[in-house]
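Per TrEMBL, the feature domain 'Formyl transferase N-terminal' maps to 106-225.
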Amino acid sequence: MRIVILTDNSDRHFYFCNKIIAETGGVVGVVTGGKEIRRSAAEEFKRAWGRHFARTVQKRVFQVLYKNAGLTVKAEKKRAEKAAFGGETQRFADRYNHLHLAAVGPDDRSINDARFVELVRAQKPDLIVVMGTCLIGRRLMDCAPLVLNMHTGLSPYYRGGRTNFWPFVEGEPGYFGVTIHKMSGGIDAGDILHSRRIAVSAGDDFGTINSRAIVTGTDLMIDVIRRVSDGSAAFLPQWTCGRLYFDKDWDFRKASVYLRNRDRVVQAAIAQQDDGGASDIATVDNGKQVFG
């Protein structure tokens, strides 16, 4: 099976690449830098001050009022990822740089540009796997018979960005997780093959839980690749819409809510695990719903 990986360029993304390359033997190319969409100054101005004027003003105010909270959350995540994935970028460069097809650069708009579509298509992939990019367009999705995404959140309940952060804000301790699903036109909305809830331990925070989700999700993706290869993969359509979060929903005030809730939500998650709670939250195992 010929596999192309589309991802971004942090250590956590290269961990995903390194493990899949090492354990599947089928990767024929990797494209990195796929998270951002580089818009013109005029586009950015219109988005910020035209369509979302009130929200932009609010964010600017919150950046001042809740600066310490925002920086604390970012530092937590950075610290956890360094502990879990430090050195993975260099490891990729040392071992697998020959598989690096291209990186989205300052002269590119996004990974959906024609040059990346042609690079991927030229590899004749049987499967494209995705982690941490912007929305993948139809032309890229059409380059392979199947495109799979690793979503660091528990779909269908939490979709979009930072979805292991938002359960802290919402006070919902049972919804930390990771999902492997087919790519579709929606955001984290495609049919699911695997999803898992992430076990929580004393002292955890968003960064440690999300890093654990990446490790678990990478293992699940490898299992999915093997199932696709041998024809045993099964997918389940998502059964509810759940919550959907965009980048614009994140601000430093939300970071302050997170910090206020963090220890209480972690304690509630541990208690829930101990007493078998959250039995109404479904996960998916090879296309079959599992409760409890």
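Every residue, even glycine, has its Cβ placed from backbone N, Cα and C.
Note that the structure is predicted; figures quoted are calculated from it, not measured.
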Could you count the residues of the domain 'Formyl transferase N-terminal' (106-225) that DSSP puts in helix, in strand and in coil? 41 helix, 25 strand, 54 coil
Confidence summary (mean pLDDT) of the domain 'Formyl transferase N-terminal' (106-225): 97
